[in-house]
Amino acid sequence: MKPIIKTPEQIEKIRRAGIVNNQVLDAVDAVIRAGISTEDINRVVHEKTLELGGVPAPLNFEGFPKSVCTSLNDIVCHGIPSEDVILMDGDIINVDVTTIVDGYYADASRMYCIGQVSPEAKRLVDVTKECLELSLEAVRPGRYLHEIGAIIQAHAEKNGFSVVPDICGHGVGLDFHEEPLVFHVRRRGKGPKLEPGMIFTIEPMINAGGSDWFIDADDDWTVWTEDGSLSAQWEYTVLVTEEGYEILAR
Ligand code: MF3
Ligand code: CO
Ligand code: CO
């Protein structure tokens, strides 16, 4: 259950995976708009990843059928791209990209507002990013892992939103998901003390309504909000450095 401390050689490899992952998300930035399908996003991610010498980690991961997760509106995470899902004016969507380069992993996701979204949807997207950014303050040697979730939960609830408590960030780099679990809510105890060389994701999922969710019975992947309210998520891969942190993928 110990967080893995990466060697300088491993860190350099994961940094490279992060650069490719960022470039893949930049390619999504360039094409995403009303009228395209989530399968179009999948195609861009798949082709850009291969062009840059990477492998899309989601494809065939525990049976996941596509190269990226696309989570629209009231989907919390793990949405499956489809030719039938067309982005429309007013939608919010999370695109979650994980890339393997030379055997090493980086994982990040961004939110996109399609056309003119409601002020409430925009506020949810912005507050969720603020939660992630504010939590970085706790990422430095000598601080404790559970401070991250406390910061995220306080900021989300101050803004009238709820945090999905039971889907966590994770160690990443040598594998897709490693120790430690990174909670996005307050937890008992301090958690592990942060040390240079730890690499993990922070990826809060924040709902406009309640925090309950369920998994789609038909596809066994899609996580929906129980009450149909909007959900937003941002994800970075971060490295604990001597001075604080470095964002390896965003
Ligand atoms: N990228 C997700 C995460 O942040 C995991 C997706 S698993 C998949 O941990 F199979 F759905 F791709
Ligand atoms: Co992740
Ligand atoms: Co991810």
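Heads up, the Cβ atoms here are built off N, Cα and C, so glycines get one too.
Heads up, TrEMBL stuff is auto-annotated, nobody curated it.
Note that the coordinates shown come from a computational prediction; the quantities given were computed from them, not determined experimentally.
The record from TrEMBL ties ASP107, GLU235 to divalent metal cation 1, and of the options ASP96, ASP220 it ties ASP96 to that site too. For the divalent metal cation 2 site, TrEMBL lists ASP107, HIS170, GLU235; matching the candidates GLU47, GLU51, GLU62, GLU203 against that entry yields GLU203. HIS177 (substrate binding site): 15 other CB atoms within 10 A of its CB, across all protein chains.
Of all the binding-site residues in the list HIS170, HIS177, GLU203, the shortest Cα-Cα distance to ASP96 (divalent metal cation 1 binding site) is found for GLU203. Around the Cβ of HIS170 (divalent metal cation 2 binding site), the same chain contributes HIS177, GLU178, GLU179, PRO180, LEU181, VAL182, PHE200, THR201, each under 8 angstroms and 6 or more positions distant in sequence. Apart from ASP107, HIS170, GLU203, GLU235, the divalent metal cation 2 site neighbourhood in this chain, defined by C-beta within 8 angstroms of the site C-beta centre, holds ASP96, THR98, ALA108, SER109, GLY169, VAL172, VAL182, PHE200, THR201, ILE202, TYR236, THR237.
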